[in-house]
């Protein structure tokens with residue numbers, strides 16, 4: 001048995017009567033009566049443990065905790081468990097990490113214990129505050145809805161966020177633990193991220209989470225110096241949220257009236273709050289300099305500790321610090337600059353004309369599905385870091401809709417180029433004119449390292465995003481891929497592959513005339529980086545343990561090489577898979593296990609398939625491995641095996657019902673699987689619809705809808721849905737099909753353009 005609490009945002013009121021508002025802070029005296037074989041934990045240390053008998057004469061334990069400091073209701077917490085702990089003391093603060101007894105015994109939480117103290121001290125030093133509580137507990141729960149929760153003095157995590165196997169030296173696992181722990185500690189030790197200084201109300205949640213997300217990266221890099229902070233921050237935080245932010249109609253800081261009722265409260269805990277909040281904090285720290293930023297935060301924390309504040313209070317403190325020095329000059333008051341980023345939806349795209357040196361800004365919106373009259377007049381106050389011909393230039397600002405920068409006019413020379421938003425220091429995209437883009441593309445071919453890695457990543461990502469939204473033709477983005485044979489950074493390859501071969505298009509591409517062209521074009525460029533990593537995998541995969549991006553992105557590179565039919569990749573997969581078949585004790589390197597199993601089965605016959613099935617049913621195989629095998633078995637090229645797999649999926653004795661929809665979804669994405677899955681679903685519909693809840697069916701139908709290729713298939717699906725679904729469900733699914741239809745038309749147009757461009761550029 002296990003009990004744990006989660007109060008944020010509005011659940012304290014379900015546990016005890018209270019004014020459950022973040023601004024109404026109080027001290028809490030907590031006492032818990034529980035079964036004697038369990039231990040009770042809360043925010044504060046226990047000061048008394050006694051026994052009491054109930055009317056039946058059974059003994060209970062009463063644990064009484066010290067009275068808390070003044071704090072918000074959403075940070076109160078308790079856990080009743082039979083866990084064990086490991087402990088150490090850092091600057092008088094007792095840190096304990098609690099987990100299931102066997103996990104503690106096997107050393108699964110040792111890494112988390114080793115980093116918690118140092119991150120704490122790092123944050124205390126940088127912000128010049130001291131942690132006010134005598135102890136800190138971190139508890140790992142087998143099941144928990146979030147990654148972590150920053151209850152004051154009693155932080156709660158899901159096991160995956162706090163545990164790793166002592167034998168697992170891989171940085172990626174440690175990095176994830178370090179990031180989540182730093183994030184929650186950032187809330188603890190100091191920041192007005194919540195605990196010492198709380199937002200006035202939930203509409204300023206981004207201050208809490210955005211700042212914690214920013215310090216999360218500083219803290220993690222402090223304990224894992226091998227992580228290259230800027231690359232990871234850009235690849236995991238900024239780039240994904242830029243993709244999302246242009247589609248979402250809400251700003252970081254919304255008015256209270258807009259957010260009433262707890263439904264929309266929960267929806268505030270999203271990527272905009274966390275990632276956009278962190279990106280904007282990153283930008284702010286960049287143009288202020290970290291020194292001034294931290295100085296302002298420190299004075300802020302001192303003034304508002306144990307009380308509440310809103311974003312304007314922070315701007316005031318930053319303004320005071322800026323006014324007191326003369327190194328950093330800002331073009332406008334801090335509040336005005338920052339409000340333009342936090343109170344408006346979306347973000348800007350800068351368009352450059354290098355002949356005149358003019359830059360203009362507009363909101364980045366999808367031009368394909370907007371009426372031409374439809375435009376927004378939002379303007380931002382934009383810091384522009386830039387370089388010319390490889391040397392950094394002083395920071396400049398764009399504070400109106402357009403402006404001329406004489407220093408940005410370029411000469412006739414092909415070697416005169418300009419790069420804006422260097423290392424993605426600002427939260428916006430850049431649309432270069434044709435002339436500069438051509439010069440940058442040529443520069444990449446001659447000397448890719450002349451452009452910093454994060455900027456190469458961003459150039460390519462911006463180009464494809466601008467293509468998607470109708471700002472530039474696809475050919476412009478493709479020009480930037482010519483140099484890739486000289487690109488040795490996996491995180492850059494990853495963004496190229498995500499854009500050129502999106503997962504939902506894999507099976508479309510495979511049957512399209514663009515495939516052989518893409519194969520020739522990409523493989524030629526992928527071979528150097530492929531062979532570099534394949535060498536490690538053949539000789540010594542452990543040598544990659546410090547290569548964070550290899551652990552996160554190598555799989556995609558390998559899967560693409562195999563998908564493009566690179567013989568060496570298929571051979572590598574069957575070699576390693578065969579090695580495993582000969583000796584089930586052998587472990588396929590985890591980095592690429594999914595791809596190796598998939599292509600091991602694909603290249604093999606029913607023997608390989610049956611081995612995967614056997615290993616799947618092995619009771620002691622890990623959950624992660626089971627997922628991998630579930631996927632791998634859908635990779636077979638034999639129709640009868642796929643059909644048999646789907647039949648197995650129907651059987652209650654072999655699978656739980658949610659595996660069935662996973663199996664169907666895997667099969668439907670494969671080139672030969674789409675048809676087979678479709679026939680299987682239609683034939684077995686009565687059985688499926690009887691055996692499974694609606695949720696499941698919806699997943700299956702959605703998956704089917706996402707992979708339809710032709711209008712004929714769409715009609716087939718429509719007929720089927722009309723016959724089988726209830727009125728109210730038909731509508732949602734019909735909309736799904738409509739959008740699938742539009743996407744099909746769009747992607748066909750796009751693929752023809754890509755094919756034409758590849759024809760012309762395949763050999764040079």
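A Cβ is built for glycine as well, from the same backbone N, Cα and C atoms used for every other residue.
Residues or ranges marked as domain 'Peptidase M1 membrane alanine aminopeptidase' in TrEMBL: 111-341.
Look at TrEMBL and you will find 183, 187, 209 tagged as Zn(2+) binding site.
If you look up TrEMBL, you'll see 274 marked as site 'Transition state stabilizer'. Cβ neighbours within 10 Å of residue 274 (site 'Transition state stabilizer'), excluding its own Cβ and spanning all shown chains: 21.
Residues annotated as domain 'ERAP1-like C-terminal' in TrEMBL: 417-737.
Across the structure, residue 274 (site 'Transition state stabilizer') and residue 209 (Zn(2+) binding site) place their CA atoms 5 angstrom apart. Using a 10 Å Cβ-Cβ cutoff, residue 183 (Zn(2+) binding site) registers 25 neighbours. A simple way to gauge crowding: the CB of residue 209 (Zn(2+) binding site) has 26 other CB atoms within 10 angstroms, across all the protein chains here.
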